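Participant: So Swiss-Prot says this about it:
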- 1-16: signal peptide (SIGNAL)
- 17-141: disulfide bond (DISULFID)
- 25: N-linked glycosylation site (CARBOHYD)
- 30-267: domain 'Peptidase S1' (DOMAIN)
- 59-75: disulfide bond (DISULFID)
- 74: active site, charge relay system (ACT_SITE)
- 90: N-linked glycosylation site (CARBOHYD)
- 121: active site, charge relay system (ACT_SITE)
- 155-222: disulfide bond (DISULFID)
- 186-202: disulfide bond (DISULFID)
- 212-243: disulfide bond (DISULFID)
- 216: active site, charge relay system (ACT_SITE)
């Protein structure tokens, strides 16, 4: 019963999740995106690893409880030491107002993660201590199990990834409009074909706006009818030809295919 209760609370309490104090700017059209409104995606985190006594951004992630972050399995290296930046906007400002850095307790990588085919590209990071929620740090909503969005449903990818193919990492959080691409379209021969499984979701592919290196693990944010924001995808992979290739939309791990797994891990 406890396991059912915890995830049900994340799903059902729209006022408890996915409602930023500073609403995002949705009037615009990440690569080809724009600077986000500060703290308008307050569940977005920066996953950082320690190298040469310096913390470096490697991936994004989403805070889904006060103690757990959802990210991609391919972001995790068992030999690295990680920390999680929460409430961040500008990565070049270490002591940014409203931000905190959390130590990591445990990282759960999906047991069937396949590095070759990028199947089950999902991981959960348990923080050493629960974080205190605020206007700059909030939890994201999780969609209901099996939830599928229709073709062209407007969603937003967010992150500090490269501003263009082989370009610099973004200093401030970026956002980009990424409409949903149906599985039927995304699995066409001239799109992603058999690389895309039904446990994945595609978005974008217009050749203009896209996620890029450094956005991995971050959220695909989609607004529900009640106005709350749900994380429907985790940035998984894109085209080796570049970050914004026509008919090669970003492929995300579909969160609603993993509700049971998420629920199991947040109980540990």
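Each residue, glycine too, has its Cβ placed from N, Cα and C.
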Participant: How long is the line from the C-alpha of residue 222 (disulfide bond) to the C-alpha of residue 75 (disulfide bond), rounded to the nearest angstrom?
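Facilitator: Per the Cα atoms, residue 222 (disulfide bond) and residue 75 (disulfide bond) stand 22 Å apart.
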Participant: Just to confirm my parser: what is the rounded mean pLDDT across the domain 'Peptidase S1' (30-267)?
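Facilitator: Mean pLDDT, the domain 'Peptidase S1' (30-267): 94.
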Participant: Write down the Cα-Cα distance for residue 216 (active site, charge relay system) and residue 202 (disulfide bond), rounded and given in Å.
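Facilitator: Residue 202 (disulfide bond) to residue 216 (active site, charge relay system), Cα-Cα distance: 14 Å.
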Participant: Could you say whether, by DSSP, residue 216 (active site, charge relay system) belongs to a helix, a strand or a coil region?
Facilitator: coil
Participant: Between the Cα atoms of residue 216 (active site, charge relay system) and residue 121 (active site, charge relay system), what distance do you get, rounded to the nearest Å?
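Facilitator: So the Cα of residue 121 (active site, charge relay system) lies 10 Å away from that of residue 216 (active site, charge relay system).
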Participant: Tell me, how many other CB atoms lie within 10 A of the CB of residue 216 (active site, charge relay system), whichever protein chain they belong to?
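Facilitator: The answer is 25.
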Participant: Using DSSP and collapsing to three states, where does residue 75 (disulfide bond) fall: helix, strand or coil?
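Facilitator: DSSP assigns residue 75 (disulfide bond) to helix.
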